[in-house]
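In TrEMBL this protein carries:
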type	residues	note
DOMAIN	196-298	domain 'Heterokaryon incompatibility'
REGION	295-364	region 'Disordered'
Amino acid sequence: MTCTLCNKFQGKWDISDTRLRGMNRHHIVPKFAWDEMLNSAKSCYCCKLLISGCRGCFGQHGIKESEILHGILRFYYPTTVDDAEKQESGKNLIFLMKGGRRFDIQIFCTEDDDCPIPDSWDYIPVSRRTSPRTDSDMAMATLKGWLSACIVTHYTPECFCDSPDNPPLPTRVVDVGLDDTSVKLIEPKGTIRAKYICLSHCWGLAQIITTTKSTLTEHKRRIPWTRLSKTFRDAITLTRALGIKYIWIDSLCIIQDDGRDWDVESANMAAIYTNGHLTIAATMSANGAGGLFRDTPDFEVSGKTPPSNSTAPRPKCPSRSSKSSTQKHWAITPAAGRPMESFERRSATRARACGGQWWAATRP
């Protein structure tokens, strides 16, 4: 017996039926209540597994079931066996929450997952499991891989990711130094061409460190590590890990009480983000105390398949939904609500959002 909600991870029709070759097999539920899935789980083991997995994700991100307005289920299936690896096979649950928030869950097998799944399940996508801790060595290796792949594969005249190798530095940048005692502000005056990082962040209500007329000279000598917000310290640490010497942070690189400087630097801001090698987006932090990195430990979802369902390795397709899922994810994060964040992200050639770990590259 099929399930009207999840369709038990099966396309609309059997992919081997050549009479329907090329026809849409996707299973889309444009709107369902959370209670519907709870009720469905009483008789559908697939929905029961989905409930368990969703609750694990909710717990990691502080999501309350009472906050869910409704969900959207989008399970995509390839239409032909021959082209299965080239076609969309993403499995996504999207929850719209009170307060205009949105929470996306992507279902996939990992590249090294040898665990058999029910042979009735139809094309579960394969993706890479990022490190549970986003400042781990594994996470840094993943980020460097994304950055390298973006530089190599997106290097075309038509691609907006094509930032200069060594652009002229902005009017001011933070020199991250080799350790916490050597962070300082520099004014290169057009004499230095080098890669630099940009930071997109929420200022929040609490006062964060800024450069003013009275602190400019001091910051050019040294910026005390203890006065930097956690977000700034994390951004500097990440910049060093990427082997890059400079980072542009608006509150430090623009003289905040100098109207003329603001006029000049705000006019240059689009070029600053465009020329940046990478933009770090502190999307999960509503203020400077939030930092960049998050810990989302693995959790186990277990259940029993019906006796009639054997298990076997199934065809797996590389996930093709990463681009859409990353761009949608901006809607649920604190920084994404800022008008300036939208401008910063549109101007940036590449963005790495910190919180959940994902990558966005600007394409035409």
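Backbone N, Cα and C atoms are what each Cβ position is placed from, and that goes for glycine too.
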Restricting attention to the domain 'Heterokaryon incompatibility' (196-298), give the mean pLDDT. 92
DSSP residue counts for the domain 'Heterokaryon incompatibility' (196-298), split into helix, strand and coil: 42 helix, 13 strand, 48 coil
